[in-house]
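Asks: Heads up, here are the entries from TrEMBL:
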- 123-303: domain 'Malic enzyme N-terminal' (DOMAIN)
- Tyr146: active site, proton donor (ACT_SITE)
- Arg199, Asn467, Asn512: (S)-malate binding site (BINDING)
- Lys217: active site, proton acceptor (ACT_SITE)
- Glu288, Asp289, Asp312: divalent metal cation binding site (BINDING)
- 313-581: domain 'Malic enzyme NAD-binding' (DOMAIN)
Amino acid sequence: MPNFSNQIRASSSLIRRLRQRVANPAVLIQTRCFTTTEGHRPTIVHKRSLDILHDPWFNKGTAFSMTERDRLDLRGLLPPNVVSSDQQIERFMVDLKRLEVQARDGPSDPNALAKWRILNRLHDRNETMYYKVLIANIEEYAPIVYTPTVGLVCQNYSGLFRRPRGMYFSAEDRGEMMSMVYNWPADQVDMIVVTDGSRILGLGDLGVQGIGISIGKLDLYVAAAGINPQRVLPVMIDVGTNNEKLLKDPMYLGLQEHRLDGDEYVEIVDEFMEAVFTRWPHVIVQFEDFQSKWAFKLLQRYRNTYRMFNDDVQGTAGVAIAGLLGAVRAQGRPMIDFPKQKIVVAGAGSAGIGVLNAARKTMARMLGNNESAFDSARSQFWLVDAKGLITEEREDIDPDALPFARKVKEVGRQGLGEGASLAEVVRQVKPDVLLGLSAVGGLFSKEVLEAMKGSTSTRPAIFAMSNPTKNAECTPEEAFSIVGDNIIFASGSPFNDVNLGNGQIGHCNQGNNMYLFPGLGLGTLLSGSSIVSDGMLQAAAECLAAYMSEEDVINGKIYPSISSIRDITKQVAAAVVKEAIEEDLAEGYREMDGRELKRLNKEEIEEYVQNNMWSPEYPTLVYRKE
């Protein structure tokens, strides 16, 4: 006969424990496993035998245990020795070093591209191992899967293509996109990176080959932010290309027709956005490398309706703001002194204007966050494009650049006028910061750098932020040798530090967007915010700026080491979640609803983020017939 008194006591104990968990959110975090993967429990698969070995999402190669081999009909299809994932990586790394040279296509094929080929082959057959290798060697391989090597990959993508990765929506798919999205096998997608290939890095229109940048960015979302690789989707919107070389290339894989423009173009992007958000209502879409004329328009069109952001406009701006705040700290001044900085910006494209808008908002917030402060902040910037200094006299001025056009009388008092050269502007303004986002390699000539020696700052900053490496406005060697040892230097692509002699090192800080966009995406995902607000972007930038210690900043280091990217991303994501909560935008994620999220303190938010970062570990696989 059942003992009802024991059952009642057990039920009372269970209710008491549940009440304690609700009362104490910290207990909630410890007792629940909020993960973006089922890696901590068996994964159900609907395939066996060779189908599993040919599926990079589930393939473990020689790491399949004997019991899994029996369950999945793999016995006899693999060598008998079961090896650990660490042994697999050790064997792969030995082969990688040996094959780097052999994988080259001759003297003209750079070693970096050879590494990309080998890593890509691993990606094609075993995703878990690929990300394990990437995370463990992130400093060495981030420049391979992302800038600068990804630019070379995109330029040669039609020839490098071996198997599809991602989705392609073309002008010929009009009216079909809503059904097309269901061709993707994943029922849940957390992150999409989409490009139209119109402005890949600083390399121009690469058409359909630009999908390489979407793939590379999502590799970093997985490696840095721990987004589950089964829930990411690289996308190319192919509306044609204006690259005459590609239009005539028989090997080109995209539409060989000139780009659509105007309303036709917008209608295609509208249809794509409606389709992906219909199937995956909570997905986040990052726009990447759209030409300037569309980058701002599409951002303004969608940002208040969908969970989306533009990394070139907003991500680049956030990383630049973090660096600019770090440069203020390097002068031995508090970040609140940022509104006193005089900044000359070279480049009036989407990245340059994006940085200007973000810097102006940051200054205005520090000055009181009102209309007067916003107007006052405007006077700290001088914008120079290919035609020279932009003033209100400029004909056919870009509407996005108009707020930063200098008044003629204002610049007249400085001995400048419409179209003044960059060297003239630097010479007369004597700026604290020279910021390059022009995509013009060598723009910071000897004359410009000589002029920068006249800066009124105790520690002038030079930011050569254009990518890839060949488009950098100057090298760190040029900056340190001409302007002086005491400068702060940052670039968009990686450069080696400079030996200044006498035991001194000139630090080259890489202002890489990967410091920001993975944390911004992860924080948005985990907060459940329906939009990416300016406040969330600002919180991400300020978190990155504060990450460096005072000692590091004084020594000229304003960006952290890429080897710390997982921790940096965790901190940035936590700051984004916290800001979303403060703006009352947080609706929660999975089991953690908005009300529970609002109860968490700073440390608990960080733990919540950490517990939701996917790690590349082989899950136990269990077969179930569909």
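Along the chain as shown, the residues are counted starting at 1.
Every residue gets a Cβ built from N, Cα and C, even glycine.
Looking at the shown structure, can you explain where the listed features end up?
Replies: Counting every protein chain shown, the Cβ of Arg199 ((S)-malate binding site) has 25 other Cβ atoms within 10 Å.
Annotation for Lys217 (active site, proton acceptor): same-chain Cβ neighbours under 8 Å, separated by at least 6 residues, are Tyr146, Val193, Pro234, Gln286, Glu288, Asp311, Phe517.
Its own atom aside, the Cβ of Asp289 (divalent metal cation binding site) has 26 Cβ atoms within 10 angstroms in the protein chains shown.
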Asks: Can you tell me how far the Cα of Asp289 (divalent metal cation binding site) sits from the Cα of Asn467 ((S)-malate binding site), in Å?
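Replies: With the alpha carbons as reference points, the distance is 12 Å.
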Asks: Does Asn512 ((S)-malate binding site) have same-chain partners at least 6 apart in sequence with Cβ under 8 Å from its own Cβ, and which are they?
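Replies: Set apart from Asn512 ((S)-malate binding site) by at least 6 residues yet with Cβ under 8 Å, we have Ala142, Tyr146, Thr147, Val319, Gly492, Pro494, Tyr559, Ile562.
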Asks: For the domain 'Malic enzyme NAD-binding' (313-581), what's the model's average pLDDT?
Replies: 95
Asks: If you skip the near sequence neighbours and keep only those at least six away, which residues in the chain come within under 8 angstroms of Asp312 (divalent metal cation binding site), Cβ to Cβ?
Replies: Arg199, Phe287, Glu288, Asp289, Phe290, Ala295, Ser350, Ala351, Gly354
Asks: What's the number of neighbouring CB atoms sitting within 10 A of the CB on Glu288 (divalent metal cation binding site)?
Replies: 27
Asks: For a quick check of packing: other C-beta atoms within 10 Å of the C-beta of Asn467 ((S)-malate binding site), how many?
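Replies: Taking all protein chains shown, Asn467 ((S)-malate binding site) has 25 Cβ neighbours within 10 Å.
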Asks: Including all protein chains displayed, how many Cβ atoms other than that of Tyr146 (active site, proton donor) lie within 10 Å of its Cβ?
Replies: 23
